[in-house]
Amino acid sequence: MSKTKSSESVKVVVRCRPLNRKEESNGPAGGIVQMDLRLGQVILRNPRASASEPQKTFTFDAVYDANSKQRDLYDESVRPLIDSVLAGFNGTIFAYGQTGTGKTYTMQGAWLDPEKRGVIPNAFDHIFTHISRSQSDKQYLVRASYLEIYLEEVRDLLDPNHGNARALELRENPESGVYVRDLTSCVCKSIKEIEEVMNVGNQARAVGATDMNEHSSRSHALFLITVECSQPGPDGRKHIRVGRLNLVDLAGSERQAKTGVQGERLKEAAKINLSLSALGNVISALADGRSSHTVMVATLGPAPQHYDETLTTLRYANRAKNIQNQPRVNEDPKDALLREFQLEIARLRAQLNHRKWRSKQKKEQVDGEGWEGDGDEETEGEEEVEKEAEEYVKLQEQRLEREKQDIREDQFMLAEEKQRLLGEKERMMGDLRKEQEATEQLTAKYKAMESKLLVGGKNIIDHTNEQQKMLEMKRHEIAEQTRREREIQQQMLVQDDETVELKETFTSLQQEVEAKTKKLKKLYAKLQCIKAEIQDVNDEHVRSRQELEQTQNELTRELKFKYLIIENFIPPEEKNKIMNRLTFDPEEDQWKFQPLVPAESKSSQMKKRPSSAVGYKRPISQYARVAIAMGAHSRYRAENIMFLELDMTPPNTATLDP
Ligand code: ADP
Ligand code: MG
């Protein structure tokens, strides 16, 4: 079942990092990015333009300047999204921007400094704190996965031998949208455990890369968290909601330089650029078929030399505002793992109870009390049953030991008889121990299974006191307030522009002329801005078109080269054979060879030699057949034509006369 909500657009926020030391030493020019935090505007200055040229202004849901705190960004722009994930929606946050502008800083930050922890560790805190504070009738299951997309290949970072493992496949299913087949997912019971998962993945990521900086600028990293929550509904049944959170650190958005690269590198650059220009598709794929709340954090650097990239990032972010999503709650999906866990736990518990109850029953028979039926059973707690069962085992052992002792001391019994009875008692004791071991194993399995589920308000010790909770709440309120204020400011700005002519009444013709001239000027300036924008966009298109053409030329050249080789060095019949075996695999977007031997006859790859009609290896005349049967001359034989018997003639040792 899914509840639909009206569509909403991708929330786009922009963050600018401070100038770094190298950039500061480059000159006094300072940054080219200015921000109006109150209005959520970014003003970009073109360092190469004349002062008269108007600056470019972009408006976003929120903007964060060089002084912004990690915490502010989280509280204002991320917290509501995580809250919605905890309520069973899908949520996606991704960082987009040029390499070195703070994507990883925003998503991960510096782990050890609480002030500098990024979105991901803050989300861990948020999720587990929420669970610890929720009501105790809720059960949670939290899972994490970590993967990387490099050259359009998906790699599992939690798979211990991911280095040589095959790339994973992306699949789509109508129930849960796009997913990665066979992706490792780890059940996490605490903040510490999920941090461990993240660390393991980060290390795996660094291991495969020769140059981490270069690698991270070319690959996307996705950390996925699934939160399943089961809660009794009004109908008395347990309902499960599944929230999926995608935390994405995208590859650097800069175009890969293609000048001077060839072969594999050229193809790689072309592929990366292609996958970046298809980012719209990436977003919708990440956002699970657009059913997810989505936040995009576009990161900028303030340095003048990156003006072009910064402008491209801002334009991109501006366009992303228009992407519409339809978030809905995932309620009782078929693939909820929590449901499976609950069923398994219930099954184990039933088994265990049955065992314990049996032991207890036996004990009561031993005690000579008889047993008092089911009513008694139900009133007793689990602990009590367990204790009684243990007691029973102990008593049984003691009794067997006593009986053994008695047998040994019995003077009237034959030695053989004694031996037999003692053996029997031994066996009984062995059975008892085996039984006990099995119970213990079952108990351990049950406890391990149960401990994976987090129960609201229980599993995590919450150290925060009431005051701190109040403080947190106030902080959220303030964040909410700021957000709303900004929205209102933005709305006012838009309305101002629209209603300016309605408010004005003119007392004289002169005044009217003046006012209209002013307005004309304003509109003219706006027109110039838009014209410049159009020109810019055109230029950009021309540039990217030129680049694509260049790539195309280079690829064509390579293709021609390959054709040349084929035509001159490969015999036409060989070429045809190869061509006939080629098929295009649309899933992997690649040409592939069909296997040489059809799949079904794999077991008998060596075909049997056809035999003649009467069963001989080759056609044979009647005469030869008779001759073979007679064992005559070897020329009539179909096989074993040579006789390899030892040559018994004595060696010739006569010396030759010269
Ligand atoms: P990216 O992942 O986009 O390539 P990084 O996150 O690695 O960029 O950031 C590059 C450098 O800039 C790092 O040294 C990081 O610490 C620093 N940095 C980025 N954003 C900020 C910020 N908002 N405040 C302070 N330092 C930042
Ligand atoms: Mg990075």
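Heads up, the Cβ atoms here are built off N, Cα and C, so glycines get one too.
Please treat TrEMBL annotations as automatic predictions, because they have not gone through curation.
What TrEMBL says about this one:
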type: DOMAIN; residues: 9-295; note: domain 'Kinesin motor'
type: BINDING; residues: Gly97, Gln98, Thr99, Gly100, Thr101, Gly102, Lys103, Thr104; note: ATP binding site
type: DOMAIN; residues: 296-323; note: domain 'Kinesin motor'
type: REGION; residues: 356-390; note: region 'Disordered'
type: COMPBIAS; residues: 367-389; note: compositional bias 'Acidic residues'
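All features noted in TrEMBL, drawn onto the structure.
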residue: Gly97; record: ATP binding site; Cβ neighbours (10 Å): 29
residue: Gln98; record: ATP binding site; Cβ neighbours (10 Å): 21
residue: Thr99; record: ATP binding site; Cβ neighbours (10 Å): 18
residue: Gly100; record: ATP binding site; Cβ neighbours (10 Å): 18
residue: Thr101; record: ATP binding site; Cβ neighbours (10 Å): 27
residue: Gly102; record: ATP binding site; Cβ neighbours (10 Å): 22
residue: Lys103; record: ATP binding site; Cβ neighbours (10 Å): 29
residue: Thr104; record: ATP binding site; Cβ neighbours (10 Å): 16
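Sequence-distant contacts of the domain 'Kinesin motor' (296-323), counting only residues of its own chain at least 6 positions beyond either end whose CB sits under 8 Å from a CB of the stretch, comprise 9-19, 23, 26, 29-33, 42, 44, 46-48, 56, 58, 60-61, 66, 73, 77, 93-98, 100-103, 106, 119, 253-254, 279-280, 283-284, 290, 536-537, 540. Listed binding-site residues: Gln98, Thr99, Gly102, Thr104. Those with a CB atom under 6 Å from ligand 2: Thr104. Ligand 1 lies under 6 Å from the Cβ of the following binding-site residues, listed in sequence order from Gln98, Lys103, Thr104: Lys103, Thr104. The ATP site is set by Gly97, Gln98, Thr99, Gly100, Thr101, Gly102, Lys103, Thr104; from the centre of their CB atoms, other residues of the chain with a CB within 8 Å are Arg17, Ala95, Tyr105, Gly252, Thr299, Gly301. Each residue of the domain 'Kinesin motor' (296-323) gets a DSSP state, and the totals for helix, strand and coil are 17 helix, 5 strand, 6 coil. In the three-state DSSP assignment, the secondary structure recorded for Gly97 (ATP binding site) is strand. DSSP gives Gly102 (ATP binding site) a coil state; it is part of no helix or strand.
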